[in-house]
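Marked as domain 'DUF418' by TrEMBL: 231-385. Residues or ranges marked as transmembrane segment in TrEMBL: 21-42, 62-85, 97-115, 121-136, 143-168, 216-237, 249-267, 279-298, 318-340, 346-367.
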Amino acid sequence: MEKFEQITSSKRISSLDVLRGLALLGILFVNMRDFSGPLLYMGKMVVSLDPLNNFVEKALTLFVQASFYPLFAFLFGAGTIIFYERAKEKEIAFGPLYLRRLLGLGFFGMIHAFFIWHGDILITYAVTGLFMFFFLKSSPLALLGWSIGLFLVPNLIFNALLFLTMLIDPSSLSVFANEEEISQAIASYQQGSYWEVANQRIHDWLYVNNLFSAPFLILSILPMFLFGAYAFRSGWFDKEGMKKIHTKWVLIITGGLAVLLKGIPYITVQNALTEQLQLSVGGPVLTVFYVAGFLVLYRNGKVQKALRFFAAVGKASLSNYLLQSIICTMLFYSYGIGLYNQISTIVGMALTLIIFAGQILISNLWFSKFKSGPAEWLWRKFIYLR
């Protein structure tokens, strides 16, 4: 067991750590609007009366929204295959270790969702991670096929139903804000007691995570898990790996599709169908473009040097993900500073950069003294029972 633990920490792939760090920056950009206001109930197409704020909101929707959570899922899938391959190398039973890995992740998720912030992804990752048992021995081609199939088929069916609905009654696909829920969220988070905030947090979590939504959540994450597994097993993260997959065509195809899908609400009409195409389809396509582009650029030594500070954030990705939620809820909720629904998008983006700069500094200082992040240390203790 000791040998295996040493291998998992000593043979890290720097590009994966940097990507995790960049993913956390993108996730904080996206989450900041949810931390600071009732975005959950406002409809995804938020329009500000201020032209500059409106420009920033559109830029976030086009370049960040729905592309960095898929990146995190991609990295989780790649990490699962790394975990499996290294267990196999050391002839250690993978199943018990992996189950404890998922249980530990789920435990962190429950603390996060019910005591810190409703927008947790860890519980869903832990549940979806169980399906990876069926794909651990799959070939790269099989992983790619399952990834594309599980991504395309549900989206084709769902978007076809939305299209038929639009033909029957176009007004039914209009995106409206839920004024009652917005008022309740503002009252709770801005002025409520700790327990009123806690009740609102659970209410918000159940609004997204319920028996009806569970299959959709799993099907939105599992394809990216599998694509990450495919990418690692295909050698994307090897020094020469990206040359094997015709990088130019990956960038051209995904870049072109991303421009079309991400821009569709602005070049046609804004409704539930175009929003679904923009976020659920366009978002993950843009993720693949980002990954391929990053891996091409990361071949360059100067780029590696410029991005090396992100690696420390990525090495402690679980700790930093939780820390972002702790900092932001203390900034915005009534039991902290209480800035909920009181800042503009631009101020939120400035706060994002300040918080993340602090995380870069803290993470690099931390790893000058310790080998793993605090949450990662606890997680590893649970996985290995020592």
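Using the three backbone atoms N, Cα and C, a Cβ is placed for every residue, glycine included.
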| said: At a C-beta cut-off of under 8 Å, are there same-chain residues at least 6 beyond the transmembrane segment (346-367) that contact it? List them, or none. | reply: 21, 24-25, 28-29, 32-33, 36, 52-53, 56, 60, 309-310, 312-313, 315-316, 320, 323-324, 327-328, 331, 373
| note | Same-chain residues at least 6 beyond the ends of the transmembrane segment (62-85) with CB under 8 Å of its CB atoms are 8, 13, 16, 19-20, 22-23, 25-27, 29-30, 44, 94, 97-98, 101, 121, 125, 129, 132, 136, 221, 224-233, 237, 262-263, 278-280, 282-284, 286-287, 290-291
| note | Contact set of the transmembrane segment (318-340) with the rest of its chain, CB cutoff 8 A exclusive, min separation 6+ beyond the ends, reads 24, 27-28, 31-32, 35-37, 105, 108, 112, 116-117, 119, 122, 186, 188-194, 197, 351, 355, 359, 363, 373-376, 379
| Per the definition of 3+ C-beta pairs under 8 A with sequence separation of 6 or more, do the transmembrane segment (121-136) and the transmembrane segment (216-237) touch? | yes
| query | Sequence-remote contacts (6 or more beyond its ends) of the transmembrane segment (143-168), Cβ cut-off under 8 Å? | reply | 135, 216, 219, 222-224, 226-227, 229-230, 233-234, 271-273, 276-277, 280-281, 284
